[in-house]
Amino acid sequence: MEITNVSEYEPIAKEKLPKMVYDYYASGAEDQWTLKENREAFFQDSRFSLVYTRPYWLQDGRPCWMVGNLGGRYLARFRPRILIDVSKIDMTTTILGFKISMPIMIAPTAMQKMAHPEGEYATARAASSAGTIMTLSSWATSSVEEVASTGPGIRFFQLYVYRDRNVVAQLVRRAERAGFKAIALTVDTPRLGRREADIKNRFTLPPFLTLKNFEGLDLGKMDKSDDSGLASYVAGQIDRTLSWKDVKWLQSITSLPILVKGVLTAEDASLAIQNKAAGIIVSNHGARQLDYVPATITALEEVVGAARGRVPVFLDGGVRRGTDVFKALALGASGVFIGRPVLFSLAAEGEAGVRKVLKLLRDEFELTMALSGCISLKDITRNHIITPAEAKHSISRL
Ligand code: GLV
């Protein structure tokens, strides 16, 4: 199968998977505005943007022309630097003290055995062979212990907080014992977003699978309902009272660093730091929760500004190209996580597919660095991109 970019896996997955499964992975909430925006904010020009030129005089009196863009919805264009020796590119980075091969990691996505019989095992193996981090979902179809048994690897555990705190405490302890290195606490899901395809399909976990982490706790099955089965499960089990004090509670039961996943504003970034989060993930849950929130790449700089370098800020949502990774890093992210490309490649080709996705993104990112004149991640700066607003004032900025 000749795949030349990660987006090519989606139509293959669509063809292979049962409709209920494909729709579950692919859908966003309600109008799916944010779903589209997560992707398009990386590249699209506004149809209504207006380009203008006007004369401008340099200090020595010589005239020049200023080209500006009034509005424009696209996020950023590159400002590559040239004639820099790029024969060796170093993409390695250290995340929470763990050295990895590139700033591209795997986001938590639920129920991977619906995509492929090897599910989370395949993803874990592909991540460790690429030298990067996999985040396992609470709602995985393989348990923390099973994933750990695939071999060494740096892994994070995504946590949903259940009403029954004994369930949470037990699970966190098991993740710790299984060698997981951090907790990614999902904070945007007191209730499940309305994913209309799941409602129409009466989505439920196929009967031959369980939410493996909860199997022994009698919470591993999902009842069929006349709604999305997952929405009903969340309504029954997930704690809607979750608040900042629970971040403190979590810190009292684990020494693992806690990443707050689902921050979109400066206010919440500051609160996360006040509450001793080890890092922040700018995420809108793959556009599956509140519709009409901004694309994560659009919200990133606000959060980075509030974090002021005190904790690392990561991003997930819409990353499909090495150039996307570069843009996120130029705007201040310490790394990105990818979700759907993993699911779709897993569905198409199992572990080999996930490996391929990681390799394609790695190669594209390396090329972007080379063509931008950056030989290590610290060389990627805000000056390597320009936004429409800055383009308006381009001469005064430089
Ligand atoms: C799982 O986290 C989902 O959003 O479906």
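Each residue, glycine too, has its Cβ placed from N, Cα and C.
Given the structure is predicted, the values throughout are model-derived calculations rather than measurements.
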Problem - Record-annotated glyoxylate site (TrEMBL): member among R194, R195, R321 besides Y24, Y160, H285, R288 - result: R195
Exercise for the section: Rounding to the nearest whole angstrom, report the longest C-alpha distance spanning Y24, Y160, R195, H285, R288, listed for glyoxylate. Expected result: 19
Handout entry: Spatial neighbours of D316 (FMN binding site) among the binding-site residues Y24, Y160, H285 [C-alpha, 10 Å]
Key = H285
Handout entry: Where the C-beta lies under 6 angstroms from ligand 1, the matching binding-site residues among P108, A110, Q158, R288, R340
Key = A110, R288
Practice task
Round to a whole number and give the Cα-to-Cα distance in Å for the pair K261 (FMN binding site) and R195 (glyoxylate binding site).
Solution key: 20
